[in-house]
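Trainee: Not my notes, these are from TrEMBL:
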| type | residues | note |
| --- | --- | --- |
| DOMAIN | 7-225 | domain 'Anoctamin dimerisation' |
| DOMAIN | 229-767 | domain 'Anoctamin transmembrane' |
| TRANSMEM | 225-258 | transmembrane segment |
| TRANSMEM | 313-332 | transmembrane segment |
| TRANSMEM | 393-413 | transmembrane segment |
| TRANSMEM | 433-454 | transmembrane segment |
| TRANSMEM | 477-498 | transmembrane segment |
| TRANSMEM | 604-626 | transmembrane segment |
Amino acid sequence: DTETLLFRDGKRRIDMVLVYEEEDYGVMTLAEVTRREMRRVFQENLVKEGLELELEEKHMAFDQEKFFLKVHVPWKALTRYAEVMNMKMPIKVTKISDYRHYIIYIVQEVEGGLQNKRGGLLPYKLMKIFEYDHTRIAKEPSFYTATYRQDKEEQFIIKDRETFFTAAQRSQVVWQIMMRAKYDDSEKVGIRRLLNSGTYLAAFPLHEGSYSRDRRNGTNLDRRVITLVSLYFGWLGFYTKMLIPASVVGLLCFFYGLLSMNSSDNIPSMEICDPSVGGNITMCPLCDKVCDYQKLNSSCVFAQITYLFDNPATVFFAIFMSFWATMFLELWKRQQAVIVWEWDLQNVEDDEEPRPEFETSVKTFRTNPVTMEKEPYLPTWSKAWRFLATSSAVLFMVFVVLGAVLGTIIYRISVVTVIYGSGEQFLKTHAKIFTSITAAVINLVLIMILTKLYQRLALWLTNLENPRTQTEYEDSYTFKIFVFQFVNFYSSLIYIAFFKGRFFVHPGDASARNSAFTRLKIDVCDPAGCLSELCIQLSIIMVGKQLLNNFLEILYPKMYNWWSKRVHRSNTKNLERKYTRWEEDFQLQDPGRLALFEEYLEMVLQYGFVTLFVAAFPLAPLFALLNNIGEIRLDAYKMVTQARRPLAERVQDIGAWYGILQGVTYASVVSNAFVIAYTSDFIPRMVYKYVYSPTENLVGYIDSSLSEFNTSDYRQDMVADTDAEDPSTCQYRGYRNPPNHEKKYDLSPQYWHVFAARLAFVVVFEVI
């Protein structure tokens, strides 16, 4: 493998590979002639910039030839651009005072003593699980660095010119040269334009060999850069470790609900399931004409599911997760600062230059007040109309998502109506749980479809905005995608948690028949509450998304690479010839310009599931932890075996994702407070227990939480056409006056007591 990383002379390293296709038979079209000329001019300009090229023509097809152009950056060009790009390299330390040396020695001794003392403690033994195995991954060398300067070359540690600059730095220099090299007589520049036009099929640095272990020295021969320098893996590893305490506490809360199922805390569920209580309470129909009256104990399953996640431990867990989310962000800032210092990433973005696409597409210029140099810029009016156009498109797609959510709501209500009208007893018995599960699955499918469509639109909109720098470009794209995905993934959960059943007044409500939102008004929660449905929806979307993404992350690259190799082999005349490294890498999947965007997005959306609605599903951190343990290995495996080597890029933080994580964290505190106060029955139960219960317990709570309705108040067009005699009264979920009250069906005093307690809880929760 090492031989295929070099030019034919066996000395010069291959820093980049360009691939293009060119017909050698018949008459060439005008487009092919144009592309050939652009390649000629482009390659001549690369040579003028100091790069060395070598053409490889061994890959022959039946009617076309694929050409592999190997690129090497020699020392002279490398050092010139390293100085321009402000690369920091290791320097020699010539003066260290005895005093400073003594201080460093004392610090090392103290740290060593503390580590020896801590080594016997259980927490520190457990933390060693997450430390690198340095028999496989060597420790990073410790040295001082400084911005490279050609006139100060003697001050840098240069043992070997070929290894002084890393492979990532060398490919970064080559890429910067290719980004600014002209390919015709006009001002058009950049390898990206040539890739988009098909002039070149691909441009990529080479992987450094197969993933194997040299057992003689215990080091990996492959790309250790994935583990050591990727900020994404640093963040993902830190996030995964932080999920451990959250998973343990969530699991304990779940076990508390499971073990206390028959305790006094679960009296409401036991009353619902008790035939002598729930079996004697007749519930009003869920819909007009076709729906039947049901006994309260038909909601027994929902009541038991609800208690598993809606118990006294849930409040503690919601408070704990609010603290956890805040601590996660603060601790990550500290960890990120350590990484930035150790990897020498300070002030990286301060030196960022404009994107070549921005420089070539913008035709207006101004004088920079700091450097006094002429630079391209977009006028304010141009930025304004571009922002207005992209914002309108994003807003339109948000309404498309809300329309899809409304469609699933209508589906759920319509299916319930059809099931009750069918007369099939089994379906009628399980109608609510069946519609909840199928609606969640349909919603997940719609989410995944809309995600794929919107990603293409967001990329086009970001190109229309034309941000100045690559960081601004990525931040703009990130914001557009996340706004859409937030609505896409969380809108159905927000509806169930905070809006479902809020439009319902009482059975027989005339306004529900004449309102444009008729179907929304009759979409009510089960008598056991909305939390069980929220839990089902959250678990299916979160776990289903994780399983589907992991399946696609494994299957799609493998299928893509298998098909690429199959096509490559079928078009190769010499089947016995062994593939070269550049041929093998060319057949791998292209990671694209936003190689890690999908990975960040997946984890940030998961973070939202873990924090925003965790009060409804305490097992969410556990499922996230189990997923991430495999995700780290899966992402690393995919990047080093199934995708081409990504282009090197230095960043000093996780970009716009940190701001998004902050926003999600702040929203989660508010969200969990309202989930407990308004979606959960915790507050109504406490109000009943300490204000209305004569025995200061929850006996009789279910009857207190239901209101009575006189069936004679149904209009004739609302009554089912059956011979069965209707009961004189039925009950429904809510706090309203009885039929014999002078203000019948108006909100009762108990409603306002519960409402005030809910508001007070939200305020106290936010303050804490």
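Numbering starts at 1 and runs along the chain as it is shown here.
Even glycines carry a Cβ here, placed using N, Cα and C.
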Trainee: Look at every Cβ pair spanning the transmembrane segment (477-498) and the transmembrane segment (313-332), keep those 6 or more apart in sequence, and say whether at least 3 of them are under 8 Å.
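Mentor: When sequence-distant Cβ pairs are counted, the transmembrane segment (313-332) does not touch the transmembrane segment (477-498), since fewer than 3 lie under 8 Å.
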Trainee: Pairs of Cβ atoms less than 8 Å apart decide it: which stretch in 225-258, 313-332, 393-413, 433-454 has the most with the transmembrane segment (604-626)?
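Mentor: Most contacts with the transmembrane segment (604-626): 225-258.
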Trainee: By Cβ distance under 8 Å, which residues at least 6 away from the ends of the transmembrane segment (225-258) in the same chain are close to it?
Mentor: 130, 132, 137, 140, 167-168, 307-314, 316-317, 320-321, 324, 328, 331-332, 335-336, 339, 343, 596, 599-600, 603, 607, 610, 614, 618-622, 624-625, 628-629, 631-632, 635-636, 639-640, 651, 653-654
Trainee: Residue list, the transmembrane segment (393-413) vs rest of chain: Cβ under 8 Å, 6 or more residues beyond ends.
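Mentor: 287, 435-436, 439, 442-443, 446, 450, 454, 457-458, 461, 480, 483-484, 487-488, 491-492, 495, 519-520, 522-523.
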Trainee: Looking only at the domain 'Anoctamin dimerisation' (7-225), what is the mean pLDDT?
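Mentor: Its mean pLDDT is 73.
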